[in-house]
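S.K.: I'd like to ask you about the structure that follows.
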Amino acid sequence: MKKLLLSSVVVLIGFTFIGRLSYLQLFRFSADQILDDPAIKKVYDYPERGYIYDRDGKLLVGNQPAYDVMVIPREVKPLDTLEFCSLLGIDKPEFLSKMEKARRYSPRLPSVLVPQLSKEDYAKLQEKMRHFTGFYIQKRSLRYYNTKSAANVLGYISEVNEWDLQNNPYYVAGELKGRTGIEKQYEETLRGRKGVKHIQKDRFNRDIGPYKDGKLDTLPQQGKEIHITLDKVLQEYGEKLMHGKRGGIVAIEPKSGEILTMISGPTYDPALLVGRKRSKNYSKLHYDTISKPTWDRSILAQPSPGSPFKTLNALIGLQEGVIDTKTKFRCYHGFYVGNTLRGCHCGGGVRDLNSGIYQSCNAYFAGVFRKIFDKYETTDEGMDVWEKHMKSFGLGDFLGTDLPTGAPGRIPDVAYYDKWYGDGRWAASTIISNAIGQGEIAATPLQLANMTAAIANRGYFYTPHIIKSVGNNGNIDPKYTEPRYTTIDRKYFEPVIEGMANVYNYGTARWVQIPDIEIAGKTGTVENYIRVDGERMQLTDHSVFVAFAPVENPQIALAVYIENGYYGSRYAGHIASLLIEKYIKGEITRKDLEKRMLEKTLEHEYAKPYSGEPFKINEYVW
Amino acid sequence: MSGKGLFGRLDWITVILYALLVFIGWINIYSTSVGEGHTSIFDFSTLYGKQLFFIGLAALGIIFVLFVESHFFERFASIFYIVSIVLLMGLFVFGKTIAGATSWYDLGFFNLQPSELAKVGTALALAKFLSDIQTDIRTGRHQLYALVIILLPALLILPQPDPGSSLIYFSLFFVLFREGFPIYYLGILIFAVVLFATTLMFGTVWVAIGLIILALLIYTFKKASVKVPVLPVLGVIVISTLFSLSVNFVFENVFEQRHRDRFALWLSLEKDEEKLDEIRKTIGYNTYQSEKAIESGGFIGKGFLEGTRTKGDFVPEQHTDYIFSSVGEEWGFLGTSAVILLFSLFFLRLIYIAERQKSDFSRMYGYGVISILVFHYFINIGMVIGLLPTIGVPLPFFSYGGSGLIFFTMLLFIFLKLDSNRLKDGI
């Protein structure tokens, strides 16, 4: 026993130590410890974020320097606080509290004392900086906007949050990342890759040379510039026209699917989300829940499309062979569903395809819609065919654009109505509202513009996109350069387009003609309702307009949707015609119209439901 | 046998293990102290250069020890001891203070730490006393003498202050246990330590309940034939509970906050994350950094000279007391377990050698050497890997430092010299 005592102790100690060491080095060890190794400091070298240009090479977004005043508390020598504060534009208590905060963070590490000085403040401060030991100025790069428009398209960048840090190991706290729009969609292209240097530190946080002689270090990769398909002039002009109005406008170049303009009203100056006032401004915009300036109506709003939808029903009718251009329907200032009369504003009489379109006759399209369904033995079959045709125009689903957000709209199908009414408990007449673009259909302005582009192209479209080229070579995702064909044969488009042209010539939009430009379009007037404090009320109709021009060799197809703008040609039609003229001619000949559109606002309409008093809708007063 | 010379009779297994330990130690000292633009390893302005010099001195010491006639050590054991005691006392007058401890004599080129010398002296003196034909360790009187021999240097070292070195002298109890000192003293000691720790962790009430449950278990599961008297068991429970109460009292009233913090860290008493963080940055900083460094080594380590925490000097005292953390970081689990294995083999070999001695003095001295070395090893590595509270003792043969290396070497080689003579002792 006594001879074995010490040996046992030695063996016991050995096992205990090995046990503890396996716990430490095998169980608790994790390979990514290098990331929080206090002995290795990573110094990042940030490349400049890529610029964004419009389709003609005009600068939209660049970078500007900003200057952070930094402090290393331990190195601060007594100073003239008053002078320093006045140079920084802060008062003394604020200065002292910031100093205290910096000291608490770390006496020997730099902290930001005052972020993002303007160029002017920087110039004043720089001369005097040598008097203030322990302070220095650090340059950083902020976004600079060469336009007050397109905030929704361009998007903004902001500091990465916890979620980003956890989900993308690339980012380090304090870095910037694209949040919305192009900044988000093309984040990696614009951002480039930061370079990193590993510095070996000692426990006093002093540098003691490169770690592993810089073997792990990398050089920064420049961010690439991006050219987008927006037309800066058209975008800015459109936003001016949207002054005081809510809604969305999307214009597309039909022969390429490039988005020429994408407007959401109300909007905001993108520069608001840069610099010292960023978070204050953001809160203001974000919490405006009534006019929702950060909600991009051009791709997120999903109203019923209204009458522009009639053109598609006409195309389906032709394709299915249930009508031809001569087929006539009588309008009784409306049409009967069972014994009830549903109204029509076209004036009544016998309508064929052409006048049905340009007078926007509800009765005519109700007839077409019924005929489509009558062709098939069951309602379900008819519904499936109708749905297939509709969806071939890019409706009822996400289009597949390169925008980071979007909405699918809605094309109802058999399942939808079976759920709504019950299996076999509905028929074409039940859902007849779809004939005139009301009912259960919903589409974003982008989808409407794309649908118009498909008509302009006589049967196909390109997936709408915002990217024109990355860097200087023009290569973009091939999915944006392949045509997507609709299920309608090319020959059926001409009569419909003729009807749409006549909308301008002597139809519902005859007062918005543009000299020398032949336009094909279709008005829409959409009934709508709102709930305020649980009370459902009808508001003034939404004004909708789709158009493309010129009729032969179309250069622009667009959809304009103005909330509560009343009938189609009243706001939407005028704005559409001004945009077309601006884009094709480069100037506006109808100055009166332009002035009226620039000045008129719909604020009084938007205030109505919140006034708490009874109000009238659809007033004819200008 | 008699044909073999001195070198033939030397236990070469031990010598090789010793050389390996010194070599590995030096490699790690090199790693902790090499800077940018390192020059030759013989650069004596660097720590690794100095340590190389000390290794040279130790080699000279070995030669000296081996050529001294082996009965010299037995004969002059008392003198060694008295010189050690005088030197320790002299520190109160002539001592040089380094890092708050007055433990050194300044010899100009070299700081001599007499507490290291005293270990050799005490081990010799204890062996000499115990091996005396008239000594009977079973008598209380001689037990007392033995205790005095051990505790006198410990008491002299304590106020330097150097509690770590003082503690080392208690290791010599293993010599007493080997020679017949009642082993249940050790049992009582261990029991007291367990009571101490459990009281701090769970409180007196739970300790008392635990003891009662333990007693009941013993009565339940004992063989019917074994009689366990009730009264002594009750007595043990009562005394233990009183002891437990006194622990609380001592902990709260006698200990200083820094001691309390050390125990709090060691026994994971502190649960408040903020306070724990505070402790990690202050009193527990060394342990925390050293654990982190070892942990970051993983299975295979970061490689020689690649230890980032070692290079960054994050573990304080890394070249001395915390040298093992460098092994952990740069050589990983493979390195640390190899070192543990090496030490274990080394000790087991020494125990084997001690047991084969024919002379009582040689055996007792051998046990003294082993006990001292094992204790250093246990306390040092235990502290570095976070098993024991922070107690500053060097790791034998590893840690940087001249006195330590030279006296550990002499301690060892005196024993090897005695061993090489063991056959003659029988005659």
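All positions are counted from 1 along the displayed chain.
Keep in mind that glycine also has a Cβ here, set from the backbone N, Cα and C atoms.
The model shown is predicted, which means the values in this text are computed figures rather than measured ones.
Per TrEMBL, the feature transmembrane segment maps to B:12-31, B:51-68, B:80-105, B:142-159, B:166-185, B:191-218, B:230-251, B:331-352, B:364-391, B:397-416.
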S.K.: For the transmembrane segment (B:80-105), which partner among B:51-68, B:142-159, B:166-185, B:364-391 gives the most CB pairs under 8 Å?
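M.R.: Looking only at B:51-68, B:142-159, B:166-185, B:364-391, the most contacts with the transmembrane segment (B:80-105) come from B:142-159.
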S.K.: Which listed stretch (B:51-68, B:142-159, B:191-218) has the most C-beta pairs under 8 A with the transmembrane segment (B:397-416)?
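M.R.: By the under-8 Å Cβ criterion, the transmembrane segment (B:397-416) pairs most with B:51-68.
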S.K.: Against the transmembrane segment (B:12-31), which of these stretches has the most C-beta pairs under 8 Å: B:51-68, B:166-185, B:230-251?
M.R.: B:51-68
S.K.: Below 8 angstroms Cβ to Cβ, which residues of this chain, lying six or more residues outside the transmembrane segment (B:364-391), approach it?
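M.R.: Residues 73, 119, 122-124, 126-127, 130-131, 163-164, 167-168, 170-175, 178-179, 262-263, 265-266, 283-284, 286-287, 290-291, 294, 321-322, 324-325, 328, 340, 343, 347, 350-351, 353-354, 357, 399, 408, 411-412, 414-415, 418-419 contact the transmembrane segment (B:364-391) from elsewhere in the chain.
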S.K.: Cβ under 8 Å to the transmembrane segment (B:230-251), counting only same-chain residues 6 or more beyond its ends: which ones?
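M.R.: Contacts of the transmembrane segment (B:230-251) (Cβ under 8 Å, skipping residues fewer than 6 from its ends): 191-192, 195-196, 199-200, 203-204, 207-208, 211-212, 215, 218, 260, 263.
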S.K.: Contact between the transmembrane segment (B:51-68) and the transmembrane segment (B:142-159) is defined here as three or more C-beta pairs under 8 Å separated by at least 6 residues; is that satisfied?
M.R.: no
